[in-house]
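Colleague: Below are the structure tokens for one structure; questions will follow.
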Amino acid sequence: MERSRKQMRSKKGGLYILWEYKLPYLFLLPGVILLIFFLAAPLISGIYMSFQKISLAGISEFVGFQNYRLLVGEERFRNNLLLSVLYVAGNVGLSVPLAYAAALLITGKLRGTQFFRAIFLTPFIVTPVVSAILFRSMVDPSFGPIPALLEMITGERYIILADSTLAMLTIIGHSFWRSFSFVMLFLAAGIATIPTEIYEAAKVDGAGAWARFRSVTFPLTKMHLAIVLLIITMWTVQDAETVYALTGGGPGYSTEVTAVRLFKDAFINFNLSYGATIGVFLLMLSAVFMVLYFNLMMRGGEHSQ
């Protein structure tokens, strides 16, 4: 009799534990299923389309790896990849060092840091396409302030988006303008987690500002730097909307990064199979960055423990 009571209590306890700890996950299950469906269906469809030749009439023909062979052997695609590398290098090379310096500024005990935080946040609040249109108006040769300033300095009127080098610098400048605030706030949050006792101990040892940065701040924020570098790299690689809104990939193909090429082929030229093939390339590239990102996150979690 006593044994049966214990069994009933244990069963009741098991049901209680299931109810207490497992039921919340069951409520999340429908949302997770929908998320997987809406992510997996386009992914599988895109990979399938990359092995097809699809006509405008919707007739498809299996061609195997033909799209991949054509794409890899295409000089235009190699130029797309090179421009993507330049675009990423320009944005990361500007935004990370300068945002790090700004993060040190706003976390320091200086007057007006709240004002600077509000100013730096402005580009991140504006939606990407709107910010691209605003930036485009700034370089407009008719009424833009940037061409007017260049004319005052050099005596020549520049049509910025008609020059391949200046157009590339424009999309890099816009991407930097948008990325800067996110990188700054991310790194400022990392700097703020450093215990003040470490800085005080360094001061007692006679370390100056540069020595404290080199021996305390930089080593303890290296993980934050690596993570934000990967995030910005992924964002820039996948950026099609702002580049297309600014330059349309022109003049010629001089700013046609890989993401813009995908957009043009898939949604303007209606070459869905070719666009899907480029999408698979970008997917693989993004997957590499995601693996690196999660490895860094896990490593950061181990260090924090």
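Cβ from N, Cα, C; glycine included.
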Colleague: Among 118-138, 160-180, indicate the range for which TrEMBL gives the feature transmembrane segment.
Modeller: 118-138
Colleague: Other than its close neighbours in sequence, what residues sit by the transmembrane segment (21-44), given a CB gap under 8 Å and a spacing of at least six beyond its ends?
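Modeller: Non-local partners: 283.
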Colleague: Please report, as numbers and ranges, the same-chain residues at least 6 past the borders of the transmembrane segment (81-106) whose CB is under 8 Å from any CB of it.
Modeller: 113, 116-117, 120, 168-169, 171-172, 175-176, 179-181, 183-185, 187-188, 190-191, 213, 217, 225, 228-229, 232-233, 236-237, 239, 243, 254-259
